[in-house]
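Record features, source Swiss-Prot:
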SITE      LYS32  site 'Transition state stabilizer'
BINDING   GLY67, GLY68, ARG89, ASN190  substrate binding site
SITE      LYS251  site 'Transition state stabilizer'
Amino acid sequence: MHTDLGPDQKAEVLIEALPWLEEFFGKTIVIKYGGNAMVNDHLKECFAEDMVFLRQVGIHPVVVHGGGPQISQMLKALGIHSEFKGGLRVTTPEAMDVVRMVLTGKVSRELVGLINAHGPLAVGLSGEDAALFSASQRKPIIDGEPTDIGLVGDVVGVDASAVVDLIHAGRIPVVSSVAPNEDDATEVLNVNADSAAAALASALGAHKLVILTDVDGLYADWPDKNSLVGRIGVEDLRDLLPELESGMRPKMEACVRAIDGGVQQAHIIDGRKPHSILNEIFTTAGVGTMVEPGEGMELRSSYDL
């Protein structure tokens with residue numbers, strides 16, 4: 001790997017990471033893998049390296065992923081019509097078969113393979129395995145009316161025992177975001193990966209939830225680039241939620257859910273930047289937006305970087 005850093009600068013980078021390596025040793029961190037990091041080959045490899053790094057320094061990474069772009073691509077290739085209502089994919093039984101196939105048979109397998117190129121570490125499983133997730137079918141309010149969007153649900157229950165077993169065995173769990181219907185375990189629902197990651201982080205008692213996005217973080221006053229938030233208390237974030245763009249809102253709602261569920265910190269970071277996870281976790285300034293219990297907000301423009 002090419003770097004322009006001299007020996008002294010390399011040493012400074014390592015020393016800066018030392019207190020964070022000590023603080024997070026033995027802790028569980030749930031990472032929601034998504035956005036451009038899932039479709040760019042170089043970023044995929046960087047993500048896999050980050051997961052291996054975390055594991056090798058004594059941290060327990062757990063990955064939860066979706067696969068919206070890959071699902072859309074496969075539906076199109078198979079000639080299956082797919083529509084969205086209120087920003088949510090209408091998931092017919094035919095489309096659900098494709099969702100399961102892509103998430104568990106393609107996205108998961110690829111990521112497991114990239115991680116396992118560094119050693120026999122990753123194990124893929126879905127929300128169906130060992131009843132990891134259970135979900136209730138969702139009928140969102142769209143244009144003031146409850147709307148049927150098919151086999152789409154919200155995670156309402158987590159049995160994390162299978163994931164805990166993998167962590168204790170030194171593995172890196174890679175979890176696909178599908179879940180059996182709580183009312184009919186033979187029916188499988190498509191669930192939002194952000195909220196699934198938050199639910200799993202809470203159930204595991206994780207120290208952190210990290211969500212990869214295609215933006216730098218949360219902006220308090222979008223599109224003002226100087227309003228990028230470095231740290232925000234969950235109470236202030238709650239007040240901001242109604243004002244957020246539709247794409248960012250579910251991610252920030254997941255952060256709120258995680259903090260409310262006992263997770264100490266939740267992060268929104270830019271997955272388009274190589275190794276952004278390591279930069280957020282192991283540097284003092286970080287690179288994205290961190291959500292914590294309590295109140296208050298700091299903009300990154302106020303940091304002495």
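Going from the start of the chain as shown, residues are counted 1 onward.
Each residue, glycine too, has its Cβ placed from N, Cα and C.
Secondary structure at LYS32 (site 'Transition state stabilizer'), taken from DSSP and collapsed to helix, strand or coil, is strand. Spread of the substrate binding residues is 12 Å (greatest Cα-Cα distance among GLY67, GLY68, ARG89, ASN190). Put simply, LYS251 is the one of the recorded positions GLY68, ARG89, ASN190, LYS251 whose Cα lies nearest to the Cα of LYS32 (site 'Transition state stabilizer'). Non-local contacts of LYS251 (site 'Transition state stabilizer') by the CB criterion (under 8 A, 6+ apart in sequence, same chain) comprise ASP194, ILE211, THR213, ILE268. Taking a C-beta cut-off of under 8 Å and a sequence gap of six or more, GLY68 (substrate binding site) has these contacts in its own chain: GLY34, ARG89. In this structure, the recorded positions under consideration are LYS32, ARG89, and the one with the smallest number of other Cβ atoms within 10 Å of its Cβ is ARG89. Mapped onto three states, the DSSP output places GLY67 (substrate binding site) in coil. Excluding GLY67, GLY68, ARG89, ASN190, which define the substrate site, the same chain contributes GLY66, ILE71, SER72, THR91, VAL99, LEU103 within 8 Å (Cβ to the Cβ centroid), listed in sequence order. DSSP assigns ARG89 (substrate binding site) to a strand in the three-state reduction. With a 10 A radius on its CB, GLY67 (substrate binding site) counts 24 other CB atoms from all the protein chains.
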